[in-house]
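Pasting the relevant annotations from Swiss-Prot:
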| type | residues | note |
| --- | --- | --- |
| SIGNAL | 1-19 | signal peptide |
| MOD_RES | Glu21 | 4-carboxyglutamate |
| MOD_RES | Ser22 | phosphoserine |
| MOD_RES | Ser25 | phosphoserine |
| MOD_RES | Ser28 | phosphoserine |
| DOMAIN | 51-97 | domain 'Gla' |
| MOD_RES | Glu56 | 4-carboxyglutamate |
| MOD_RES | Glu60 | 4-carboxyglutamate |
| MOD_RES | Glu67 | 4-carboxyglutamate |
| MOD_RES | Glu71 | 4-carboxyglutamate |
| DISULFID | Cys73-Cys79 | disulfide bond |
Amino acid sequence: MRSLLLLTVLAALVVAILCYESHESMESYEINPFINRRNANTFMSPQQRWMAKAQERVREQRKPAYELNREACDDYKLCERYAMVYGYNAAYNRYFRQRRRAE
């Protein structure tokens with residue numbers, strides 16, 4: 001009985017130590033995580049924004065075939081479900097390649 005009481009007190013002490021919330025963990029609540037648009041736009045200069053948009057356009061134009069197939073499959077719910085089980089390549093072959101052969 002005495003060992004059970006000692007074990008309970010020890011467990012309560014461990015829980016209290018692990019659940020203790022220090023002052024450092026409260027710092028994130030003090031600062032507002034949202035900033036206004038004017039301050040948000042100061043992070044990137046217009047030149048950097050233009051470069052980022054240009055790079056994104058290049059990436060969109062030069063996507064590999066498997067990425068295009070995956071995007072087509074993501075837009076069709078049945079294909080997406082089939083892909084979760086058998087993979088995107090098998091799902092694309094089942095739902096889109098057969099249609100092209102039939103036409």
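Glycine is treated like the rest: Cβ placed from N, Cα and C.
So where do these features actually land, and what's packed around them?
When secondary structure is read from DSSP and collapsed to three states, Glu56 (4-carboxyglutamate) falls in the helix class. In this view, Glu56 (4-carboxyglutamate) is surrounded by 10 other Cβ atoms within 10 Å of its Cβ, with every protein chain counted.
Using a 10 Å Cβ-Cβ cutoff, Glu60 (4-carboxyglutamate) registers 8 neighbours.
Glu67 (4-carboxyglutamate) carries a helical DSSP state (H, G or I). A sphere of 10 angstroms centred on the C-beta of Glu67 (4-carboxyglutamate) encloses 12 other C-beta atoms.
Shown in sequence order, the list is empty: the chain has no residue 6+ apart in sequence with a C-beta less than 8 angstroms from the C-beta of Glu71 (4-carboxyglutamate).
DSSP assigns Cys73 (disulfide bond) to a helix.
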Would you mind listing, in sequence order, the residues at least six apart from Cys79 (disulfide bond) in the same chain with a Cβ closer than 8 Å to its Cβ?
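Correct list: Ala72, Cys73, Ala91, Tyr92, Arg94, Tyr95, Phe96.
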